[in-house]
Every structure is written in C-alpha cells, then in structure tokens.
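Asker: Next up is a structure, given as structure tokens.
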Amino acid sequence: MEDLQLVLFVLGAIAIIAVLVHGFWSIRKQQPKPIKERTRAQNISEAQRRDSQGFDADGIGAVRVRKPGTEDLPSSRNHTSVPVMTLQKASATDAGVASSHGYSPERTTAERAEPVRAERAATNATVAGSMNTQPVTPQPASYGVQGVTAEVKQSVEPQTITPSQHVHIESPKYGATTQASPQPASPVQSQAPREPEPLGEPQDVLVLHVVAHEGQEIQGAELLPCLLSLNFKFGDMNIFHRHSDNAGNGKVLFSLANMMKPGVFDPDNMEQFCTQGIVMFMTLPCHGEAQHNFSIMLNSAEQLADDLGAIVLDEQRKVWTEHNKQDYLRRIKAIV
C-alpha cells in the first residue's frame, strides 16, 4: 500500500512538472521575438537560399546600393577629355613656337597672356568645329507650332462682309394648312373708374378751436411747421386742408382756417403772421368713415395745442371735455 502511494506521488509530480514545462514553452512560443533575433534569422535564411555567387533559385542577385555621383555621365566625360588633350597640344605648340622664335621665358605677364588667349580661342574654335561635325537632328516642333498657330489665326480671323455682298436668307415655306387665319380679337370691355357718389347737401358741421392762452398769440413761424408735420396742405379758399392721403392727394377730410377775420393764410408771409387761434371744421356727411376722420381731426387739434402751448375748445369756444366728445360722436352716428 505504501509502495502504491509512492508511485502515485511520483506520477503526480511528473505530471505537474510536464504541465508546467508545456505551459512555459507555449507562452515563450507565443511571445514575439526581438527585432535583432528576427533580423539575424532572416539574414541567415537569406544567405542559405543563395549560392556561392550570391544568386538565389530564380537567378536574382542581392540588392546593391550605389551612391549618387560616383560615376560621371558619358557626355560629360567626352566633353571634358577633348579640351584637356587639346590644351596639352596647345601648350606643347606654345613651347615650340617660343623656342623657334627665340622668345625668352622672362617676358612680362601681359606679353605672355596674349598668345595664350589667342591659342585658347583657337582651341575652343577647334572643339566647337569637332562638335559641329556631329550630325544634328532638326527639331521641326517649333516650325510645326508656328504653322499651327498661323492656321489657327487664319481660322479665327473673322470674315467681314462688304456692303456689296448680300446675304439671302430664305424664309421657311409653310403649306396652306399651316397658315392660321387671323381671328378677330374679342373686344375688351374697359372698366371705367367708378365715380364717388355725391355727398349731397351738408347736414352738420363739427367744429374745434385751438386758442392761445389769454394775453398770448400763435405765431405763424411756429404754426406752419406744425401744420406741415400733421400733413396739412395749403389749397382752395387760401386755407389748409387735410386729405385722405398723407401726401396731400385725395378727397378733403376736414379743413383748417384762421379764427380771426378774414380767416385765410398767406404762406409767403407766415413769419409776420400772428393770430388768437385757429378753427378746424368737418362737414357731415364726408368722404370715408366719419368717425375715423373725426378722430384724426381731434388728434391734430390736441397735437397743435401741445406744440403751440394753446388749448382746445368746442364750437361754442368752451373747454373741450369728454362729454363734448361723446356729443360729437352721437351727432356723427345720427347722420351716418
């Protein structure tokens, strides 16, 4: 019995150790490798895939990076080699010419510079001649562009028509069936403006007075601006009228006269004008709504009294009260 327990204990320990080892191995396998190890592994695998000459199975060699400027262009090498060889020949020629003519090397710098410049000019001419001997392909592109430009200008250029040329445009011919016979236009009945119905004989007159306080007068220079601000207009009988239109057009609603005889105004001499008061009157029946017209007249009288420092009186020259207003409204309703 004790042996069996020992065997089971050993087997359990081995199983636990195996599980732990397998767990650590799985965790380590799942962890990403460091960058250095991966790069090293890639380099080793890449080297194993290539042969001794550096080519893989597809015959592709390793990538080589070439630094810029390590190799000159062929054209530059050709152009630089020609002047060097020519200059060497030119220097040898200069030395031969100097020895043949007996020139001493102790010449001044200015005297020696002139033949060198001449020889260099000759050398440049020789190089230019050698370069010009190479065949040069003509560039017809510029000529082609000019030709196309000329053609475009010719096509765009407008054609002027002289007076001697006549352009004949044929009018479309229509059959007899397409010609519609003109139908006489139906006469339009012009609606004449309706004339307002005559008001008839006046049946009543509503009167309001605006009178200055005792011992005072209303000055014309102050009265005229107030009348104009209230839309009064100077008109017939040399008095002011309030029209249905604020601009001074339309039917007369009520009028305003001087309370003193002869009851008229002179707009040209309003600065020298003065009076004890003015009177407003409205005849019944009147144009429009009588109650509305009376309301405008009453408001105008009260506004003038406030502006001129005066008082409003009724037709009997008594102080205006609410009782007088109700009496005037009753008279309006009796006629309308």
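Every residue, even glycine, has its Cβ placed from backbone N, Cα and C.
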Asker: Write down the single range among 147-173, 174-200 that appears in Swiss-Prot as region 'Disordered'.
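Answerer: Based on what Swiss-Prot states, region 'Disordered' spans 174-200.
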Asker: Under the DSSP assignment, what numbers of helix, strand and coil residues are found in the topological domain 'Periplasmic' (1-6)?
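Answerer: Counting residues by DSSP class gives 5 helix, 0 strand, 1 coil.
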Asker: Report the mean pLDDT of the predicted model across the topological domain 'Periplasmic' (1-6), rounded to a whole number.
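Answerer: On average, pLDDT over the topological domain 'Periplasmic' (1-6) sits at 82.
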